[in-house]
């Protein structure tokens, strides 16, 4: 698979997953975040495992172990995000959780023993400024509890991307994509019984939201990302996280009546600049512009 095709798959996967915040809010009206994750990811796993059951034959212990690690990191990410989502607008949540874009290069530098590029550091500074515009209240730099939880989810997701990069480079990406959803569901279900007191949702609207999360965001989005990530770098995968907040912001405006303040718009713009600037520079976009001039 070519790198361009792989990155198109990642973009599609993250765009689909970016719509999850709205449906998660709908689903969590009467059920807790751990219960929601447990149900949706076990449904996702069951559906995809049934479709690709032949491909799962011959799965190795290493693939199971790597899937468990990725699944646990994803569980942390989802737990932080959904608990933060209770008190944080979905648009703000979408941007804050994607602070992982500026963290991934540094984690990759430690794991793969290579220094982050200067452009990656500049991108991180710009992204941090954007997050400040999104979260500052008044004259002080004051993160709310919900925003801090979402930010912790972004850090967890950064570790997840690097762990998945390692796993997909050494294992079958489709198997990783399928099995790691089982572990997300398993860890979530355990947390549900411990912290929430598991109970099944009863409202048809909640089940509709859960099925969307399970079939579209999970069965498609979570399965596709590892497949695409095998053929590109974790830094490039991180850049496409921008598809996630854009989709979530649009969904929040259309369906939840949310709106961006001027500060939020500036912050969102800075975050997007930090995401796409490294790719533009590496592709020689500015140098070509000078040559034409």
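Just so it is clear, glycine is given a Cβ too, placed from its N, Cα and C backbone atoms.
Just so you know, TrEMBL annotations never went through curation; they're auto-generated.
Taken verbatim from TrEMBL:
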type: DOMAIN; residues: 8-135; note: domain 'EamA'
type: TRANSMEM; residues: 31-52; note: transmembrane segment
type: TRANSMEM; residues: 64-82; note: transmembrane segment
type: TRANSMEM; residues: 94-112; note: transmembrane segment
type: TRANSMEM; residues: 119-136; note: transmembrane segment
type: DOMAIN; residues: 145-277; note: domain 'EamA'
type: TRANSMEM; residues: 148-167; note: transmembrane segment
type: TRANSMEM; residues: 174-195; note: transmembrane segment
type: TRANSMEM; residues: 207-227; note: transmembrane segment
type: TRANSMEM; residues: 239-257; note: transmembrane segment
type: TRANSMEM; residues: 263-286; note: transmembrane segment
Checklist outcome for this item: Residues in the domain 'EamA' (145-277) per DSSP class, helix first, strand next, coil last, are 115 helix, 0 strand, 18 coil
Checklist outcome for this item: the domain 'EamA' (8-135) resolves under DSSP into 102 helix, 0 strand, 26 coil
Next on the checklist: Across the domain 'EamA' (145-277), what does the mean pLDDT come to, as a whole number?
Outcome noted: 84
